[in-house]
């Protein structure tokens with residue numbers, strides 16, 4: 001690009017290119033490399049990229065895990081790409097996807113020889129993977145030998161710093177609801193204790209988690225407080241990646257007093273969503289969305305009812321256009337197989353994607369192309 005073009009104009013032009021081109025542009029000059037590698041450029045470029053959906057499931061015939069990406073646009077689900085996984089992923093045992101944020105995916109699992117009787121005696125690991133640039137890094141977890149507590153993992157990338165962040169909350173079940181917290185950032189390369197930043201009130205968090213802007217969110221409940229003699233007091237726990245502070249968001253009465261097993265947190269674009277499963281019939285699910293970012297202002301949008309032949313529905317995520325992507329479990333006594341579908345709320349119609357997998361192995365996470373982890 002001509003030196004006669006002002007650099008801020010060059011920046012605008014460069015920002016319009018996809019990640020694959022930017023990787024080549026880094027070799028053009030030191031100025032371009034410095035620009036493309038900067039956290040401001042990476043954050044600004046990422047949000048302009050189209051959304052992709054990463055589907056993970058177990059093929060019921062081949063009994064192998066598959067990772068398939070779809071472009072979330074008018075071509076969905078026809079433009080699909082099967083990923084070649086990095087070795088760091090393939091070596092993980094009992095792996096689960098913690099979440100996705102700013103184009104990165106976070107997996108949690110264990111490395112080891114498989115001979116141990118308890119998985120926590122193996123090496124507990126987190127793998128961060130950028131599928132756009134095919135790069136991954138591994139992060140050892142700090143607590144590997146605890147038997148009593150339950151460790152919950154949070155993950156996000158701050159749009160302010162583009163710094164991947166991992167949070168570990170250790171919940172001790174036999175010690176008066178005591179919790180500890182640690183945080184790891186890729187830029188620092190080390191874990192820090194954040195136990196003093198936790199809320200003073202007792203809580204229990206549970207997966208999954210979502211990231212909206214600079215916050216990681218989990219469903220949680222207060223195990224001590226009682227509302228009008230009711231057993232449960234549900235809430236949302238947040239973690240601010242820019243200042244390491246935890247926070248609590250109260251839920252409206254219609255969600256606060258439900259059994260925690262009925263609730264699941266999700267997001268639609270940049271708004272929090274709460275999913276409410278009917279207590280005794282997993283064939284029904286209410287979708288609530290936070291309005292305009294105003295705390296406690298959740299509005300019920302619609303209810304999904306499974307087809308007559310399905311005994312259970314599980315929302316996995318949302319398309320950018322607003323339709324939930326769901327797993328429909330077949331009502332069959334001889335085999336456990338589910339089907340992936342998209343639900344259209346206002347015609348009240350299921351679009352069948354002809355993707356079948358072993359029941360309860362489906363997960364869907366949205367991501368966009370990004371340069372995070374380029375260095």
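Including glycine, each Cβ sits where the backbone N, Cα and C put it.
Confidence across the domain 'F-box' (1-45), taken as the mean pLDDT and rounded to a whole number, stands at 87. Summarising the annotation, TrEMBL assigns domain 'F-box' to 1-45.
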Task: Using DSSP, break the domain 'F-box' (1-45) down into helix, strand and coil residues and give each count.
output: 31 helix, 0 strand, 14 coil
